[in-house]
Amino acid sequence: MNIILLGPPGSGKGTQSKYLEDNFDLKQLSSGDMLRAAVTNGTEVGKLAKSYMESGQLVPDEVVMGVVFETLENFPADKPGFILDGFPRTNQQAEELDVFLTKHGKTIGAVILVDVPDDLLVKRIAGRFTCGSCGEVYNDFFRLPKAENTCDRCGGTAFKRRSDDKPETVKERLEVYHTQTKPLVDFYKAQGKLKTVNGDAPIETVTRQMNDILGAAG
């Protein structure tokens, strides 16, 4: 089975993708990883992508699609399916993907949207900080160190936050995400492939929802 995973930053999409990869023997294919692999391997489309990346430009749609389709053409025959993460991002990419998969006798079995309220996402992302020594992750709202200013794992006392995790920046990122993703959600809803899971629920509950979706679609 081939799956597309949609979800905003901070939704826990990565955790669920890893679960599906480990428990259903699916291979996760993220757009970023595919681009980096194409550049590293020096493929023709990888060289093209590299020229844009090195000049600080956004990699055009057609080049991104070229990288994704090249990866899918060389997809391991021993894997039962893949999880696409970060692609498609636009309806044009979704339409091109359908054409490509049909040509190769494949299809998308389910499109899973991990849905989380924006206010909770802002808390998850903007509240995040890490131990400067071991990288242990904490959160102002959900997980503080047991002893104030001391890492539970290594005892370190220096912590750091990402500069782009400020609340106003997170809200802007979410606005961009919703603007980009709504047409895509409508596209797959019209195809009858869209399934939504509640990303606000405990991880085990989200995982159970994923299992139910794959069981019904498989």
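Just so you know, glycine gets a Cβ as well, placed from its N, Cα and C.
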Range among 30-59, 60-89, 120-149 that TrEMBL annotates as region 'NMP': 30-59
Among A201, A216, A217 - the residue TrEMBL places in the same ATP site as G10, S11, G12, K13, G14, T15, R128, V137, Y138: A201
Of the binding-site residues listed as F87, C131, R162, the one whose CA lies nearest the CA of Y138 (ATP binding site): C131
Fewest Cβ neighbours within 10 Å, where candidates are the binding-site residues S31, Q57: Q57
Packing count at Y138 (ATP binding site) (other Cβ atoms within 10 Å of its Cβ): 16
Env. residues of Zn(2+) site, Cβ within 8 Å of mean position of C131, C134, C151, C154 Cβ: G132, S133, G135, E136, D152, R153, G155, G156
Nearest of the binding-site residues (S31, Q57, C151, R162) to R128 (ATP binding site) - Cα to Cα: R162
